[in-house]
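Undergrad: Before anything else, here's the structure in question.
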Amino acid sequence: MALFKIKKKLNENTYKLDMNAIPQHIAIIMDGNGRWAKAKGLPRVAGHKAGAENVRTIVKECNRLGVKALTLYTFSTENWKRPKDEVNALMKLLVDYLKNEFKELQDNNVVIKSIGNIQDLPKECRDQLRKSYENTKNNTGLVLNLALNYGGRDEIVHAFKKIMNDVNKGDILLSNVSEDTISDNLFTKGLKDPDIILRTGGEQRLSNFLLWQCAYSEFWYTNKSWPDFNEAELHKAIYDFQNRDRRFGGLK
Ligand code: IPE
Ligand code: IPE
Ligand code: MG
């Protein structure tokens, strides 16, 4: 019998979650910061700042719920197209987040990792990221995986080149290249595919996020902007996830 299948409306936003079926890997497309700010008559960057602050709330709650990995789409390979000032502000927010959250992340036992072409980020970001990986590598809680300068297609190109190189060197036979070979050459190597991909901000698209890994992920969208996405919304997403019927192509 499915446990806790009844939605208990303790209050408007309380969902009774099955703590034995918490998604292990949640991926979030944190969208809507700019529109959130615009609606308040604020500059777009104020939305990004509020968004960065919200990361703390969601990281803490995911950790508390026992989520193993949280991948946050933080900066896409296409986001370089934005005005320079906005890109610079996003890079600075990343560095500030990693610096300011140091204690909070340690207290929450969080491991910082990233996916994407980190070497093309500004030096300050690379240096701070390296420090954060190093400082948190012995933690045992939630893996906070930041998708930075990340694009799903770029990741696949990257994997393709690595595999071709291994084939050319004779380290692997072309006939032995499998789905696992590809998975193992992606930035997400070793990370379980996301159980659920959430997108805030109302759009219903992937925007080049985790193209290979999303094969059997559940999708969940909300019109709420990322700065307004709180614990209750996260619970709603997980509650909905727990009530989906995942068949993976088979039959029940
Ligand atoms: C998401 O918010 C943050 C990043 C893409 C870095 P947006 O900046 O895309 O906000 P909207 O979609 O313009 O509202
Ligand atoms: C996706 O949001 C990227 C991140 C959240 C980092 P975008 O705002 O860049 O996506 P589009 O342009 O609406 O597809
Ligand atoms: Mg957007």
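Cβ atoms are placed via backbone N, Cα and C, with glycine included.
Keep in mind that TrEMBL annotations are predicted by a computer and have not been checked by a curator.
Relevant sequence annotations retrieved from TrEMBL are reproduced here:
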- Asp31: active site (ACT_SITE)
- Asn79: active site, proton acceptor (ACT_SITE)
- Asp31, Glu218: Mg(2+) binding site (BINDING)
- 32-36, Arg44, His48, 76-78, Trp80, Arg82, Arg199, 205-207: substrate binding site (BINDING)
Undergrad: Which binding-site residues from the set Gly34, Trp36, Leu206 have a C-beta atom lying less than 6 Å away from ligand 2?
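TA: Within range of ligand 2: none.
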Undergrad: Got a sec? Which of Asp31, Thr77, Asn79, Arg199, the recorded positions, have CB under 6 Å of any ligand 3 atom?
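TA: By the Cβ criterion, which requires under 6 Å to ligand 3, the hits are Asp31.
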Undergrad: Enumerate in sequence order the binding-site residues Gly32, Thr77, Trp80, Arg199, Leu206, Glu218 whose Cβ-atom distance to ligand 1 is under 6 angstroms.
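TA: List returned for ligand 1: Gly32.
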Undergrad: Under DSSP, is Arg199 (substrate binding site) part of a helix or a strand, or is it coil?
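TA: Arg199 (substrate binding site) sits in a strand per DSSP.
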Undergrad: Counting only residues 6+ away in sequence within the same chain, which have a CB under 8 Å from the CB of Leu206 (substrate binding site)?
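TA: Residues satisfying the criterion: Ile29, Gly152, Ile197, Cys214.
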Undergrad: Give me the CA-CA distance between Thr77 (substrate binding site) and Asp31 (active site), in Å, as a whole number.
TA: 15
Undergrad: Express the distance between the Cα positions of Glu218 (Mg(2+) binding site) and Trp36 (substrate binding site) as a whole number of Å.
TA: 26
Undergrad: Can you tell me the CA-to-CA distance separating His48 (substrate binding site) and Asp31 (active site), as a whole number of Å?
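TA: Computed Cα spacing between His48 (substrate binding site) and Asp31 (active site) is 10 Å.
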Undergrad: Round to the nearest Å and give the CA-to-CA distance linking Asn79 (active site, proton acceptor) with Asp31 (active site).
TA: 12
Undergrad: Based on DSSP, name the secondary structure state of Leu206 (substrate binding site): helix, strand or coil.
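TA: The residue in question, Leu206 (substrate binding site), is coil (DSSP, three-state).
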Undergrad: Which residues, sitting 6 or more apart from Arg199 (substrate binding site) on the same chain, put a CB under 8 Å from its CB?
TA: Ile28, Ile29, Asp31, Arg205, Phe219, Trp220, Tyr221, Thr222
